[in-house]
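Pulled from Swiss-Prot, these are the features on record:
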type    : residues                           : note
REGION  : 1-24                               : region 'Disordered'
BINDING : ARG180, ASP367, LYS890             : RNA binding site
REGION  : 194-208                            : region 'Loop B'
REGION  : 236-247                            : region 'Loop A'
REGION  : 439-453                            : region 'Fork loop 1'
REGION  : 474-489                            : region 'Fork loop 2'
SITE    : TYR687                             : site 'Active site gating'
BINDING : ARG1020                            : DNA nontemplate strand binding site
BINDING : ARG1036                            : DNA template strand binding site
MOD_RES : SER1051                            : phosphoserine
BINDING : CYS1071, CYS1074, CYS1099, CYS1102 : Zn(2+) binding site
Amino acid sequence: MDPGSRWRNLPSGPSLKHLTDPSYGIPREQQKAALQELTRAHVESFNYAVHEGLGLAVQAIPPFEFAFKDERISFTILDAVISPPTVPKGTICKEVSVYPAECRGRRCTYRGKLTADISWAVNGISKGIIKQFLGYVPIMVKSKLCNLYNLPPQALIEHHEEAEEMGGYFIINGIEKVIRMLIMPRRNFPIAMVRPKWKTRGPGYTHYGVSMHCVREEHSAVNMNLHYLENGTVMLNFIYRKELFFLPLGFALKALVSFSDYQIFQELIKGKEDDSFLRNSVSQMLRIVMEEGCSTQKQVLNYLGECFRVKLNVPDWYPNEQAAEFLFNQCICIHLKSNTEKFYMLCLMTRKLFALAKGECMEDNPDSLVNQEVLTPGQLFLMFLKEKLEGWLVSIKIAFDKKAQKTNVSMNTDNLMRIFTMGIDLTKPFEYLFATGNLRSKTGLGLLQDSGLCVVADKLNFIRYLSHFRCVHRGADFAKMRTTTVRRLLPESWGFLCPVHTPDGEPCGLMNHLTAVCEVVTQFVYTASIPALLCNLGVTPIDGAPHRSYSECYPVLLDGVMVGWVDKELAPGIADSLRHFKVLREKRIPPWTEVVLIPMTGKPSLYPGLFLFTTPCRLVRPVQNLELGKEELIGTMEQIFMNVAIFEDEVFAGVTTHQELFPHSLLSVIANFIPFSDHNQSPRNMYQCQMGKQTMGFPLLTYQDRSDNKLYRLQTPQSPLVRPSMYDYYDMDNYPIGTNAIVAVISYTGYDMEDAMIVNKASWERGFAHGSVYKSEFIDLSEKIKQGDSSLVFGMKPGDPRILQKLDDDGLPFIGAKLQYGDPYYSYLNLNTGESFVMYYKSKENCVVDNIKVCSNDTGSGKFKCVCITMRVPRNPTIGDKFASRHGQKGILSRLWPAEDMPFTESGMVPDILFNPHGFPSRMTIGMLIESMAGKSAALHGLCHDATPFIFSEENSALEYFGEMLKAAGYNFYGTERLYSGISGLELEADIFIGVVYYQRLRHMVSDKFQVRTTGARDRVTNQPIGGRNVQGGIRFGEMERDALLAHGTSFFLLHDRLFNCSDRSVAHVCVKCGSLLSPLLEKPPPSWSAMRNRKYNCTLCNRSDTIDTVSVPYVFRYFVAELAAMNIKVKLDVV
């Protein structure tokens, strides 16, 4: 993570040179570094998880011990290895490695084999090591385990991938899946919180507490809280296997160290030696322990082990002390390795809790980015893998017990290898997690949610694809909250989260995106040398005594470890020295270290201290360090204590410490593609961030190798004439999303009201915004037959009259063939019976067969049973299709206007689009007006203008700049021209604003949404028309439609007709006397009578037939009456 290398060579301005370069389209020697950076957090976190992290996770799994035939058996996982994806052993093939393109095409999972070395021992004596296959786990594309790792673009193309393939996703059943980055509490940092809900946890509880999200090196996480009680004591709260436990703090402190009560008392009151209330509270906490007869550490451990062992599932031969040690290792400050460190951390948390309760320190905001980090894909993968490895050990014990019940099992290697195969397979749990995004865990992994962890990385267009890897979600549980505090954009997020790139609907403020310069720390470094460096700089070790009183010293914490104390006069100098070492790469201080000095203010503010963070999963961003003249990575917490300038004129000597690399560094990658976004109203930029991801563009270059369910393609994309410099930085011309259009702002017809727009029919005929949709269908004949039967293969019976030369000899359609509704689609044969089956094309939309891929099974031994047919559906713009500019100005195509009736300029130029001028005043999208002038001047002068935000100001006006360029080309300074009516040929009196604007066609098309039905299928139960466009269902007549008819006074006829006659009208027989719908039954006539002519109903309750009448009622009412009768509820009707 080099903070200085990435942003040094930003393009000074956009250019069209690369489009005219003869080498354009030839693969580079190396991939574009800027694009690879976008997925680096995903890829590098996974690399750490499957290499260093996997080794640490295996070491952290305790040996699994149990009793078997009066012997103590223990299993220990010594090592685990994940291998790159390969074909199964025994497969005959040239290439052993499996590549992602094959898994996409065959709709299978890109996965590697997980093997582990299991050591087994009897009564503590090692008996050997068994190498065991545990299952398959998904492999992230472009990670070190992927077969595409470090391949140059030419080699990637040869393996049917994009030249700029970025990776960062998994392939599950042929679908690309991304593990979503979630907001998590900052690890190993005590956060003071006030929550009224905590009062309900028990008698005497208050709303004050200190919470800590403890995370180990292998990312195992546990949440822990300290609660303040009304009597001044403190209760420790932790979670074990999703169960909440409470422990008085005194017991925890006494169990961790063998200190005397006086030493514990002295540690807890540091800095507040004269506070009588604190002294009494600490004395009371220690007195509670003494009252239980626990005066020594051993007695406390024995007491806690006896209380908790029933929940810990430890072996019976463990003494109570060992059970208590197991509890503290798994639940209390798990990020700390020694009990002494845990003791000092709990003391610090207690002091902070008392400061919060007494109003000496303010609460930390858990919704602020200062107290947050992100959950990376590698972190979730490693936590889940560790839990499943522990679960596998437990399943071996269960398999032992089952085997022992049936036969006499002896302990030897051969028997163990057989029993190991009976353990749980890790393949299905991983595939379930990635396929559904739902977490099945016994511990919860320290997460706040168990659903929505994975999303599909759909390639609707390249912008949408990029956004998946920069998205950060607050969490699914927060979406249900009624409060808006979690959605607010706080000042602390400046430079880390984009202020405009968030949805405008339900997930607004919950689904955010990282800025273009923001990075996620993924590397883990050992910090063993830093404590010694701190002591050399003047920090007093934790077991020493500072020269001044503790009230005038700051506590010093390094990654959640209490290192010592530092004099408040020395602290600023030490923080500056550490910052120098960090920027200059000296003293082995990592460049992503966060140095935070929270000063004493004498007022209720943040709890003071010197905090150092080097842990992964934090957000950092580069800024210019003005003192050293170099770039520095700063974190979210240290930023709030800095003075960061944006422009040069904002720098004040002695006050300003840092400066932004460029003004638009606060925007996300997608928001940086909006031209002149600083001239638009903020909501319009938000809309464009969303609509840019819905654009029908050019998402990839390997259409012939893809088997996605649906892909969009714009046939005639263009490079924008006006674009920000970041557009070129990310080489977006390789994946264009729109077309340069000549737009005239004029009310010319009545068809352009309410954001509608007129398109020149001649432009449409020349290919304006033409597109296609690629749909793929995966056909597997093995799903159509019974288990074990393999007699079905694709093919056709010669001379079959149903096919009529529509299909090839292999039973599949010809590539390039046009398909219509009812045409033969494919044919297959039963080899046993010789029977032929023909399936027909069922879609109402005509298509062209674009591609057919023949697939096989994992071993390559499958018969001709599986194909993937890709169809191309032409989708040229039609009335009702949606378009938008890059400024959130969306509208639908309302009319294709003949070119001879369109207005034209003096030079004979006819605009492509007529835009209603009423769309500007309320939307205030001045950026679109500037883009129109800039695009016009760019076309006239053969230039490509820079539309990067914040380059123009009131002093340096964009209107002046582009107006002068238009003037130099002989056009009006303000971008207006005289137009002539295409109908009358007369000159229009008003000056019309006309220019070039880059327009996008969105994926919302009438062809996908229109629905028409007269009569059709009905629901079997309610007899009402079924809903759904795919099944030719009815159109929903909802509450708004009902209210509209009521308001028009047509309830008697139209409303009755819609909701009754056209829905589920039925004629029912009712007894007028008893009012029952269920009692009238049809009497069976004598055999000699006609059953149709002599239909006679009789009331079974009244035993009369002259009281039967017919009424028209909804059929669903009859069903409702029958349901109530089943519940012993009678419905009586008054028939008038």
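Glycine residues also receive a Cβ, built from the backbone N, Cα and C atoms like all the rest.
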**Message:** Checking distant contacts: for the region 'Loop B' (194-208), what same-chain residues at least six beyond its ends satisfy Cβ-Cβ under 8 A?
**Reply:** 227-231, 235, 237, 246, 353, 356-357, 363
**Asked** Mind checking which residues reach the region 'Loop A' (236-247)? Cβ under 8 Å, same chain, six or more beyond either end.
**Response** 201-202, 222-227, 304, 308, 311-312, 327, 330-332, 346, 442-444
**Set of same-chain residues at least 6 away whose C-beta sits under 8 angstroms from ASP367 (RNA binding site)** = THR485, VAL486, ARG488, LEU490
**Request:** Let me know the DSSP-derived helix, strand or coil state of ASP367 (RNA binding site), please.
**Result:** coil
**Request:** Mind telling me which of the binding-site residues CYS1074, CYS1099 has the densest Cβ neighbourhood, counting other Cβ atoms within 10 Å?
**Result:** CYS1099
**Request:** Using a Cβ cut-off of under 8 Å, list the residues of the same chain at least 6 residues beyond the region 'Fork loop 2' (474-489) that approach it.
**Result:** 182-183, 367, 448-449, 451-452, 497, 499, 506-512
**Asked** Counting by DSSP, what is the helix, strand and coil composition of the region 'Loop B' (194-208)?
**Response** 6 helix, 5 strand, 4 coil
**Fill in**
Around the recorded Zn(2+) site (CYS1071, CYS1074, CYS1099, CYS1102), other residues with Cβ within 8 Å of the Cβ centre, ordered by sequence, are VAL1072, LYS1073, GLY1075, SER1076, SER1079, PRO1080, THR1100, LEU1101, ASN1103, ARG1104, THR1107, ILE1108
**Message:** DSSP on the region 'Fork loop 2' (474-489): how many residues come out helix, how many strand, how many coil?
**Reply:** 7 helix, 0 strand, 9 coil
**Asked** In the structure shown, which of the binding-site residues CYS1071, CYS1102 has the fewest Cβ neighbours within 10 Å?
**Response** CYS1102
**Asked** Using Cα coordinates, what distance in whole Å links TYR687 (site 'Active site gating') and CYS1099 (Zn(2+) binding site)?
**Response** 65
**Request:** Looking only at C-alpha atoms, tell me how far LYS890 (RNA binding site) is from ARG1036 (DNA template strand binding site), rounded to the nearest Å.
**Result:** 26
**Request:** Using only the residues recorded as binding RNA (ARG180, ASP367, LYS890), report the maximum Cα-Cα distance in Å, whole number please.
**Result:** 33
**Request:** Work out, from DSSP, the number of helix, strand and coil residues along the region 'Fork loop 1' (439-453).
**Result:** 3 helix, 0 strand, 12 coil
**Prompt:** For the residue listed as 'DNA template strand binding site', which of these recorded positions sit within 10 Å, Cα to Cα: ARG180, ARG1020, SER1051, CYS1071, CYS1102?
**Reply:** none
**Message:** I'd like to know which of the binding-site residues LYS890, ARG1020, ARG1036 has the most other Cβ atoms within 10 Å of its Cβ.
**Reply:** LYS890
**Request:** State the Cα to Cα distance, in Å, between CYS1071 (Zn(2+) binding site) and SER1051 (phosphoserine), rounded to an integer.
**Result:** 29
